[in-house]
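Q: Have a look at the structure that comes next, please.
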Amino acid sequence: MWAASCLASCCAACACDACRTVVSSISRRSARIAYCGLFALSLIVSWILREVAAPLLEKIPWISQFNETHNREWFETDAVLRVSLGNFLFFTILSVMMVGVKNQKDPRDSLHHGGWMMKVICWCLLVIFMFFVPNEIVSFYETISKFGSGFFLLVQVVLLLDFVHGWNDKWVGYDEKFWYVALFVVSLVCYLATFVFSGLLFHWFTPSGQDCGLNTFFIVMTLMCVFGFLIVALHPSVSGSILPASVISMYCTYLCYSALASEPRDYECNGLHKHSKAVSTATLTFGLLTTVLSVVYSAVRAGSSTTLLSPPSSPRSGAGKPLLPLDKVDEHEEKEKSKPVSYSYAFFHIIFSLASMYSAMLLTGWSASVGESGKLVDVGWPSVWVRMVTSWATAGLYIWSLLAPILFPEREF
């Protein structure tokens, strides 16, 4: 017994030392990666609890006392929502604490990049505490998560538009024949992929002998948007380019595919899954991995975007520059102390808060999963409509980005 106790103490000490080594190795440059890792960990925990925690939640009095009529899927959804709520509160608290951080001399800058052992412990405690809150709070969080997920999808669209316009401006700025040819080749490939993919959508989701008017409407509307992008972008009065139009066209086609693929597997017009109700572990793993990569990429890009998130004291503003640099050493030290932050810490954490809501909706089928669809990631009619509305919002924002400079020439866009 004494030897076992000593062995357990040694193992615990080694584990603590290992954790301390890992968190101490997180530098300023790798802090965003660490936040992404913590967020990905929350999704993995949510997925695991969704699969195994239902029997345990059924035995907890303050969770099951109001659920005489609910089935196993309700407890699986509840487990995901409680983990998501803890994750949401963690990043929201950090966001509130980081409001107004403009330079690295602010003590909160060190909190954003350091203190990882304390932050990991707080995250764990918050997640655990969420399993003690009343069901009414979780239900309220479930309701607001649907709106928060919509905001997160809107941020994704804005980031995409910012990316494609920046990509086009960079290549055009070279003002060389090679880059103009590259623009044309990439645009041609995107349009070929768009039309080939659209043909596959008709083949997969409008099977012969079935009344699939809704799917046909979705695909035709997407193609109309594609042709609309091209017409508006090439109009003489619009300073558009074919590259952004082609990339947005391909993205809208992908969203249409994603929406149609999210239709229930027993839906007669979903020919892609051939009415299969069996869900393999590989399918679940791939779906979760795709979700993690998509959400993490959006959060990182949002937190890294100097175009969207530069604080007022960014290096481009020229603030804090001395008029008479008499002492260059003191000037250098002062610059190091008051160096502006490169992105908004508060908005960075808000993106993770919204992403927590969005991920919870994906893992629970937007809280409307029934039967076998509840075992899938991002499957169900709510997901279909969310994807299609996102596609139409993308089309509307892109057209607006082309027409706004013409409608409001006195404003800078």
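Cβ atoms here come from the backbone N, Cα and C positions, even for glycine.
Per TrEMBL, the feature signal peptide maps to 1-18. The feature transmembrane segment is assigned by TrEMBL to 31-49, 79-101, 116-135, 147-167, 179-202, 214-235, 241-260, 281-300, 343-363, 384-408.
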Q: Quick one: find which recorded stretch in 79-101, 241-260, 343-363 has the most Cβ pairs under 8 Å with the transmembrane segment (147-167).
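A: The stretch I would name here is 343-363.
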Q: Which stretch, 116-135, 241-260, 343-363, tops the Cβ pairs under 8 Å count with the transmembrane segment (79-101)?
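A: Top-ranked stretch among 116-135, 241-260, 343-363: 343-363.
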Q: Any contact between the transmembrane segment (384-408) and the transmembrane segment (179-202), i.e. 3 or more CB pairs below 8 Å with pairs at least 6 residues apart?
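A: The transmembrane segment (179-202) and the transmembrane segment (384-408): touching, no.
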Q: Is it the case that the transmembrane segment (343-363) and the transmembrane segment (214-235) touch, counting contact as three or more CB pairs under 8 Å in which the residues of each pair are 6 or more positions apart?
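A: They do not touch: fewer than three Cβ pairs between the two stretches lie under 8 Å.
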Q: State the non-local partners of the transmembrane segment (241-260) in its own chain: residues 6+ outside its ends, Cβ under 8 Å from one of its Cβ atoms.
A: 160-161, 164-165, 167-168, 171-172, 183-184, 186-188, 190-191, 193-194, 197-198, 201, 204-205, 215, 218-219, 222, 225-226, 229-230, 232-234, 270, 272, 383-388, 390-391, 394-395, 398
